[in-house]
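Peer 1: As annotated by TrEMBL, domain 'RNA-binding S4' applies to 21-83. Taken from TrEMBL, the feature compositional bias 'Basic and acidic residues' applies to 254-263. Sequence annotations record features per position, and here TrEMBL assigns region 'Disordered' to 254-328. Annotation source TrEMBL lists compositional bias 'Basic residues' at 264-284, 296-306.
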Amino acid sequence: MSSDNPTPSESDSPTDDSHLIRLQKYLAATGLGSRRHCEEYIETGRVTVDGEIVTELGARIDPETQVITVDGERARMEPRRYFLLNKPSGFLCTNQDPAGRRRVIDLFPGEGQRLFTVGRLDENSEGLLLVTNDGAMAQRLAHPRYRVARTYHVQVAGHPTREKLDELRKGVRFKEGVFRVSGLKPLKKQGKSTFLEMTLHEGQNREIRRMMARIGHKVMQLIRVRFGPLNLGKLKSGEYRRLSDTELKKLREMLNEQHSPDLRKRKSKKKAAPSRGKPARRGAGKNISDKETGGKKRSVGNKGKRGASAVPKKPAQKKSTGRRIIGD
């Protein structure tokens, strides 16, 4: 029987937390890095919420009203940016290099500080490289389980025989496992060298150079020309451009294809529901309690409505305009 008096919805409840977000997810969205890297920032005491250090995972925050800092600098959401770079030789895919060598992000002056590469091309390799501040997408694109196709034009010393190339197709064993090419064809011979087109899905460290060395042919030049649905095109070495809406759509569609019903079914069999009374996985469903914040560091309790507790807020203050975001 229906009632004339409407029942208050969960969103009307004073304990509603639908607007809250996990701290590590928010940090990744600001462009600090992958979610795993952001979890390391939290666990090592580098993150504060409203001036107090939070070291436990699973804390939920309200980015609209709370102040989150990392190493003393406020973490703010920035517009997501995606660039396609033709990486020149001699640049490192790292944001920190104690030796002071040239980095890929040095090629992006004026585009903001929180950019990082999607995966890596080694220092002497060239070609297509994605650079972004979208930590979540970068982590997925670089993760081996998504098996993003990477195509390279490779110049090698000498002229590999058909038998040698067949060895690469069958797979070459290294300590990490068997490295295989999913596509391989000769392009042309030039003097005492040969140009090959190679496609791989694994993304292992220096895999092409190691595979070619195993069959006795040194890599002279390595250029990535395709990454998933993206093509290098006629972009000159050292130049970059923004991804088009169409290219972004294709990237997202490629990632979403990995979440087919069959794949989810296989994953669900591996994950058993936590039994009552057993501890949950690290950071899952943990809430920060007001009664346990006697020191500078906040500890974590499990009391209260599941998923409803959060980092306690300080009284609302006038919103700061913050630093100017460059590049959009």
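Just so you know, glycine gets a Cβ as well, placed from its N, Cα and C.
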Peer 1: Per DSSP, what is the residue count of the domain 'RNA-binding S4' (21-83) in each of helix, strand and coil?
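Peer 2: Output for the domain 'RNA-binding S4' (21-83) reads 16 helix, 17 strand, 30 coil.
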Peer 1: For the domain 'RNA-binding S4' (21-83), provide the mean pLDDT of the predicted model.
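Peer 2: Mean per-residue confidence for the domain 'RNA-binding S4' (21-83): 89 out of 100.
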